[in-house]
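Chemist: I'd like to ask you about the structure that follows.
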Amino acid sequence: MGGINVIEIEIVPDHESASARVAGFIVEQIRRKPASVLGLATGGTPERTYELLVEKVNAGHLSFSQATTFNLDEYVGLLPDHPQSYHAYMRFRLFGETDFDAERTHLPKGTADELSDAGGQYEALIAEAGGIDLQLLGLGANGHIGFNEPGATEDSRTRVVDLTEETIAANARFFDSPEDVPRRALTMGIATILEAREIVLIATGESKAEAVERSVRGPVAPQMPASFLQQHPSVTFVLDEAAASLLDKRA
């Protein structure tokens with residue numbers, strides 16, 4: 001890695017189409033390798049993707065029983081049963097609704113006694129599982145992937161980070177008030193993400209258009225964390241027309 005690669009761009013009409021396409025990537029991966037290691041994301045964007053996967057499992061068309069998962073991040077200080085924790089998000093939207101083996105679903109421990117050790121322990125678990133086959137990403141309006149905020153470095157690993165005011169404001173809709181949003185999170189690093197064998201990023205809506213354009217066409221720089229994806233040999237951005245609106249579609 002380190003060279004610049006062409007990010008594959010798929011543009012679809014709307015969020016529903018994007019969600020279906022990303023669900024298709026995951027279905028294809030599991031059918032190709034039932035014991036796949038999946039990297040998973042949270043937030044509003046992938047919710048419909050997870051709903052579609054639940055429908056496929058419940059219809060008998062898909063099984064996650066042999067799969068292993070690693071989520072990108074978790075808030076620091078929220079217990080796993082806190083309704084806004086990402087443990088609860090995944091349990092409610094995917095894990096508890098399908099046939100995933102709970103022993104093989106992993107999220108960073110934001111309540112670990114020794115947070116300084118939690119990142120290294122998470123990295124070790126990923127390595128022990130053989131690395132991530134397919135990593136799902138969302139995209140923040142400021143270009144963050146996971147909770148790697150602007151300024152994140154290419155060599156960063158799973159660690160505790162401070163959230164920007166922009167990210168706190170964006171996530172406030174999930175909490176009773178902005179004051180309730182945690183100020184720190186435990187997140188996979190840029191280097192961790194780039195070690196996945198394949199990466200699929202979903203971005204929808206006009207609010208993501210500038211970050212998409214800078215990630216795909218702009219220089220690779222810490223101030224636009226998703227731009228580091230240009231250095232990965234197998235990345236696909238699945239975009240709706242609004243998120244792709246600033247791209248030259250002939251490129």
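In case you wondered, yes, glycine gets a Cβ from its N, Cα and C as well.
A quick note: this is a predicted structure, and the numbers were derived from the prediction, not measured.
So Swiss-Prot lists these for the protein:
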- ASP73: active site, proton acceptor (ACT_SITE)
- ASN142: active site, for ring-opening step (ACT_SITE)
- HIS144: active site, proton acceptor (ACT_SITE)
- GLU149: active site, for ring-opening step (ACT_SITE)
Chemist: Hey, does DSSP put ASN142 (active site, for ring-opening step) in a helix, a strand, or just coil?
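Modeler: It is coil.
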Chemist: Do you know offhand how many angstrom separate GLU149 (active site, for ring-opening step) and ASP73 (active site, proton acceptor) by C-alpha?
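Modeler: Counting only the Cα atoms, the answer is 12 Å.
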Chemist: Give the number of CB atoms, excluding that of HIS144 (active site, proton acceptor) itself, located within 10 Å of its CB.
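Modeler: For HIS144 (active site, proton acceptor), the 10 Å Cβ neighbour count is 25.
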Chemist: Roughly how many Å separate the Cα of HIS144 (active site, proton acceptor) from that of ASP73 (active site, proton acceptor), to the nearest whole number?
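Modeler: Rounded to the nearest whole number, the Cα-Cα distance is 12 Å.
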Chemist: Compute the C-alpha separation of ASP73 (active site, proton acceptor) from ASN142 (active site, for ring-opening step), stating it in Å without decimals.
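Modeler: The Cα atom of ASP73 (active site, proton acceptor) is 17 Å away from the Cα atom of ASN142 (active site, for ring-opening step).
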Chemist: What's the number of neighbouring CB atoms sitting within 10 A of the CB on ASN142 (active site, for ring-opening step)?
Modeler: 18
